[in-house]
Structures are given as C-alpha cells and as structure tokens.
Amino acid sequence: MDHVSLACCLLAFLLYYTTLDADFVYDDRRAILTNPDLLPTTPWIRLLENDFWGTPLTDSGSHGSYRPLCVLTFRLNYLLGGFQPWGYHLVNVLLHCLATALLVRVARHVLPRSRSPVGPAVTGLIFATHPIHTEAVAGVVGRADLAACNFYLLSFLTYIAHMKYRDSLCCMEAVVQNRCKDDVERAGDNIKQFNGSKYHRFVVNLQKNVTNCNWPRKFGRVTVHSETLVTAVRKNKVISENYVEFCCWTRMCKQWGYLFASLLLALAAMLSKETGVTVLGVSILYDCVTTSSMHKRQWRSAILLSSTAVVLLLLRLQVPTPQFSTADNPTARAPHLLTRLLTFLYLPAFNFGLLLYPNSLSFDWGMDAIPRITSLRDPRNCVSVVFYLTFGLLVRHCVKRVFTRQTFSPAKSRRRRENTTTFLLSGDVKTWICSCSVCHSSLSELHSASCRTSNNNNSTSMYSTCVCIRMPPRAILKNGRRRKLENGGCGAILLGLAFLALPFLPATNLIFYVGFVVAERVLYLPSAGLCLLLGMGSAKLWDARKYRCCFVAGLVVLCVCFAAKTLVRNGEWVNEEALYRSAITINPPKAFGNLGSVLSTQGRVVDAEQAFRKALFHRPNMADVHYNLGVLLQGKHQLDEAIQSYQRAIHFRPSLALAYVNLGAALIAAGRCQEAVSVLRQGSRLDGTGLRDRREHETARVSALLQLGGLYSDQGRLQRALAAYREAAHSLPKHYPPQSVFNLLGETLARLKQDEEAERWYQAALNAQPDHVPAHITYGKLLAKNVSRVAEAEQWFRRAQRLAPQDASVYHYYGEFLASRGRHKEAADMYEKAAELRPRDYELAVAAATAMRQAGRQDDAERWYRQAVSLKPQDARGHTNLGAILHLNGKYTEAAASYREALRLQPGDITTLTNLHKLHSVMT
C-alpha cells in the first residue's frame, strides 16, 4: 500500500474511532438483537432463505432485502463477541478504511495520468472525511453498504486486471497458431547473412536512435533488452514454440481467472446489497471508454458481463416485491400521478445536494420530512430541471468527445493499424507509436528489435517478422488504455458519473418503489463517483500554478469542515437519545416518537410522555406512538387514558395485535371484563399477511389467547380457559417458546382434576425446556397430591431451587409444600428466604409471618407482621394480624392500638372486635 492510501486509511480510522463505543441504535436492534439468523440455534442454511431482518423470503411480510453475505458477517461477529456492540462497530470502521484505500487505487486507473497525482489523493481524502458516510459506518446496519462498496471496487479493479492480460495477448496467439513461425525462422537466416555486411553497424545505430532498443523492458519478472533479442535472432536462437505456448497459456489463464473473479466479486457485492450488481455496467463502460475500437476479445468480455448482469437481475426479481407503509414512502401512495412523478424526479437532485452540502442530516427522511411536489409551479421543479439538464449535457459532451474516433469504417481502421505510424505527445517528449503488420499492435515498448527493424523499413529481409514480448502494465496504460482518459478528461468524467448514478439508480423510485424517501447510507457507494469527479477537478486546478495556493487553502478548509461535521455526527450516533434529538428539526414526528420510547425505557416517564404528545401533535395518526403512550399511561395507572390511547392505535392500524393485548389487560384492570374478552378474541384472530414484523404479530396473537385463558381461569370458567390454552398451543409459531403454554395447560387440567393429562403437558413443557422453573414447581405440586409420590414431588422442588436460587417463588411454593406436610420449621425457613428475596412483596411478608407463628418463632413473626404493615398501612387485615401477634407476645398496649387502627380502616370487622374484646378481658 502506498503512502497516499495509507494516509487516507489512517485519517478514516481516526475520524470513526469514536464510534467504537457506540450502542446499537435504530435499525440495529431489529437487524442484530432480534434477528434469529445470528443465533447458533438457527441452521446456517437459513441465511440463504431469509431476508436481511431474519424473515423468510416466502413470507408475505418479508422486506425483500436479500443480503446473506452481510448477515453472515453479523453472525460471525456474534460468534466472536456475542451482542457486544464494540466488535460490530470495529468491523464497520475497518471496512470503511479498506474502501477508502480501494477508491484511491481506482482513482489511479480512472483519472488521467497526465494530470498530477493530486487527483487520487484528493479522492481518498474526501471519501474518508465525507459526513454522508456516518450513517453507514456508525450504524451497524450500514455494513451492507460498506461490504457492497468493497466488493464493488474489488470487482472493478479485477476487471481492469483482466483487460490488461486480455489486450496483451497478441502475437503469442499468432505464434501458437503457426502464423509467425515461418516468418521468424526466415528472419533468423536473413539476419545471420546480413550480420557480416558493411551496413551492419549503420543499421544497429539506426535501431538505437529510432526505436530506443537499448531501453530495458519488463517481461514478467525477467528484464529483456531489445539488443539481447536481436542477438538471439542473429544467432538463430529464436524463442522456442513450447516456451511461447507456455507464456500464452499462462496469460490466458490469468485473463480468464481475473474475469471470473470479477464476476464472482460482483455477485458478492449484490449479495451484500442489491445495488452491487451495477458494477458490471461500470466495468463495461470502462472497457468502452479506454479501448480505441472494440475487437473480438472486448466484445466477448462485454457479452459475458452483460449476460451475467441479466441473469443476476432475473434471479433477484424472483424475490417478491414487498409492500411498504405510507409513513415509509408517502409519495408512493400519493393518488395523483403528477405528484409522484414530480417528487420522484426531484429526489435524485435532493440526494445530490446532500452530497455537495451535507449540513442537515437525519437518521430518517420519511413521513413529511420532504414535502411532496403537487404542482408544476413549485420552485423545486427548477432544481430538477437544472439538475437533469446539466447531467444530460455533460454526458452528451463526454460521449461525443470519447467515442467520435470510433465512427470510421472497419476497413479504414484496419488500414490505419497496418500502415500508419502515429505518435503521442507527453510533455516535450515525442513517443513513436508504430503498427505491427502481423498483429496490428503498437510497437512502442511492445516489439523486439527485429520487429522494429522490419516495421521501420530498416530490414533487408523480405518478410514481416513478429517476435513480440508482453507489454508492461505501465506501457499499456501509456500507449493504449489511457488515450481516451487523457482526451480532456472526458472518459474519466463519464466513469465518475457512472460511479455516481448507476449504484443510485435502484433507489430512485423510478423503476420500482422502495421503502424510503431518502437514506443517507444508500449514498455511500454513489459518493465514490462524486469523489472521483472532485479528484479530477482538483488535479486540473493543481496543474494551473496560479490557482495552486487558492486550491490548497480551499481543500484544507473543505476537509476540516467535513471532518468536523463527521465527528459531530459520530457523537449523534453514539446512542439512540442523541440520534433522535438530532433529527427533531428535520423529522419531528418520527424523532419525538422514537425519543419517547427511549426515555420511557430509561424510566423518565414525564419526559417520555411529553415527547409522545409532541409527536402526535405533528402527526396525529401514528399508531405506534398511541400504543407506546398507552403503555406509559397504563404504567402510571391512568387506565381510562391508556384505554383511549390503545383504541386510537387500533383505529389507525387495525392490524396492531399488541394494542389488542394491552387494551385487554387495561380493561381487565379497570373491571370491564366483558369488553376485555371481546377485544382479546379479536386480537387472537388478526391476519398477519403483509406485516413487516410477522414474528411480533404472531407472538402477540398467542399472548392474547393466554391472557384470555387467564381471565377465564380467574373467573373460575376453567373449561373456557382450557379451550383458549388449547387454541394457543395449536397456533404456536416456530419461534415462540412452547413450555409456558404447555405449563398453563397442565395447571388448568390439574384444577379440573384431570391429573393424567396434566402430567403429560407438564412433561411436554419440561421436554421443550428442561430448565423451565415454573414447570418444575407446578409438576411438583401435582405430584404432591399423590401420597405415594411425595418424595418425587420434593425432588422437583429441589431441582427448581438449584436452577433458580434467587427466585422467590421457588422458596414460596417449596415452603407451601413443606407446610402441607407438617414440616413447619423447614417451611418457615423457605418462606423467610422468599420474603428476603422480594422485600417489597406484601403477600410474601404475611406468609413468612404466618409460617413463623406456626413454627413457634413469635418474635420473628412479629417482625414480619410489622414489615407487612409498613408495606400496606391502609390494609386493615395487616393491623389485625399484627395486633394478634402482639397480643400473644404480651404487648397488650401495642396490640390494642393495632386493633383500633384496624377498626378505623374497617369498622365493624367481626374478627378484630372479637380479638379486641379478648384483649380487654386479659388486660382487666
């Protein structure tokens, strides 16, 4: 790697080093944390069957984004570091550094070499510092764009290598086909006879002066001198046919190897992100731009690339086109064709503006962040017209300059190749380019001394000889490949525009609708084209010495501004709160809605509620925000408002199953059980066709059935509860853990005295998950009913205790079992442990106090009754129990005070009055 590439890579790494401490943000959660394809339990073959988000491609709710290579890198990250964000961000930063180095190398091939080497350096600097790349690098989901860009550039560079070996196969093929063999042998005899003539020295000097035969030429790793080759021919030591065949075969293998490698890399780019397939079009354009005329070999390469592109596109089109919501791409759902056309024509110009002036950036440009163009009088239409007019005129000018010389006839072209001697001017040095009569290739730095002698009419032989050696890469670029790139830079401009436009074409909504309006990470690959164009312009400004100081100052200011903006954006992508706050001015409804969710998870309830209400102020029909606000209000026990929020969420999105589940829970808490039954039944029957997150929807449907069964169970309607649980068991999706459903079925059957079937469901739950603690407890309770299986029941309680030593319910139920067996001292220990693990639980405190009293531990019982009273001071039962234990402990005055407090809270309670009467009897 050269110094320029290394410096650009180092700059890119230093700029994005701060992202290594960033969290998973925005789409990262769905692509990483909830993506089943990352887990070791998912078969590797699923990566080829699911989309980018882990949904099967055959599912109606699939996103349709097929990127298995990108998901493969996520899975490897998980295998190495689990869900630690640091490793994921490190891979992204390294991929950006690699892409920067590859683009510098591409710039050296694409930009005219007659320009200064400043062009590739500027290209790399701008690409390394451009703020538009922050979303792709700082967001883990941007891995798709980073990987596609790297494969894209590698495919392009590999195709250039293919062209080098393809175009250097000229006379080697002729020798293998015996076209030049006889000519070479006859030339050897003639030169041997000529060796003793008096004109020998004159001819040798003429060769040196005219053809520079004494300059060293590279032939692979062996340096070949033209004089050496002439001497070999003089001594009749012509290159053997076997050696020529070997060289030809080697270069032929390299030619095809690089071609197939380029196609495989293009496939890898497409499997990283769909836009990667456009590299085949850029490669074909490069071949056309840098080749003087299309020969058989060029046509063969172009046909192979075109055929591969068509096949890949046809395969990609087999994936069903997804349906996106109106919020994602509102223009696609606009009723008027004129609105859709004008807006979609404006969006590419808007994206180009972001590349030129990346000041206002946002994580999301959906909803109404970019107002739709509904009229021809909208001034933004002028921007569209100027953009497309400038782009079209520039392409037309460059095409005309580059391809004009290919308009002459093939016969004329052949005569030029055979008879014409031309030259190129490079600075003040005139380099002669002659045509070989055998292979029609340039003679400069290509042919042997004898061939040059023959073609310069200095040979006494009557035969045209061709003893050609491989043209070095530098000579190829100088004499053939670069001529059109040097033609005013028009070829380089065409290629820069191709890098800019072709990868962006699928995201324009002009071919098919996509699930976004503007996405900054989509501009990662097209920005390479802009950097190439800026590198081209920078080289021209550098060559103009009077503007050099201004150019350097401007470049420094641009790079500093880009780097500063990139660092600021890195800070905004560190966590979700900072990210969503940064977009409030651009997309307030989406930013406030997401910000409210983040604040709610942080426990900042007041701020979260304000954010939700601001989001609904800007856009009242956001079902997700209504749902999240309902969850927050339900947590604050504001049930009526929560119920209204859930109902609005269902109104705006009737397929939101989670809203039905939470609405049912809120109605049950409010005592409106009959309405809850109706709502939960509706939620359990929702169709999930076409939904984006089918897994969440199916999970919510099962939850609705389980909640419905729980409601019936609490009401004592066990048969209906059993029916709801059976329906849930029969409709379980593959990703849903079945053990909880099986355990509930077992509990309900046990309450219905159907112990045998209940035991089968408990065993099924344990088979599904052997460490499922609730199944251990409920199975132990079932076995405890059978006197002959009491010991076995206790074993299940002990296993549960080993599995969950910090679970209070394990000690509670184990203590309950021990108390039922009359082992009160052991039971008291279990209850005390349960109450200590959950010190804020009122029922556990009462149970511990009762167990202590039964075990004869009166003082401990008093302590736990006092704890219960402190937890619920308005509960009359707690004061009565405390008064009773104080009575037993001889603390009559305190006992009387507790009884009186209980009667104040619950006047006329028979138990309290009786105890108080007994206390007065003892005191008197």
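Cβ atoms are placed via backbone N, Cα and C, with glycine included.
TrEMBL: automatically predicted annotations, no manual curation.
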Per TrEMBL record, range annotated transmembrane segment [choices 158-177, 238-257, 298-317]: 298-317
CB contact flag for the transmembrane segment (491-516) and the transmembrane segment (258-286), at least three pairs under 8 A: yes
Contact set, same chain, for the repeat 'TPR' (808-841): CB under 8 Å, 6 or more residues outside the stretch: 773, 777, 780-781, 784, 790, 793-794, 797-798, 800-801, 847-848, 850-852, 854-857, 860, 864, 867, 871
Counts of helix, strand and coil residues, the domain 'DUF1736' (320-391), according to DSSP: 36 helix, 0 strand, 36 coil
Per-region confidence, the domain 'DUF1736' (320-391) (mean pLDDT, whole number): 86
Summary of DSSP states over the repeat 'TPR' (739-772), given as helix, strand and coil counts: 27 helix, 0 strand, 7 coil
Beyond the flanks of the transmembrane segment (337-357) by 6 or more, those residues with Cβ under 8 Å of it: 130, 132, 331, 370, 372-374, 376, 378, 380-381, 383-384, 386-388, 504, 508-510, 517-518, 520, 523, 526-527, 530
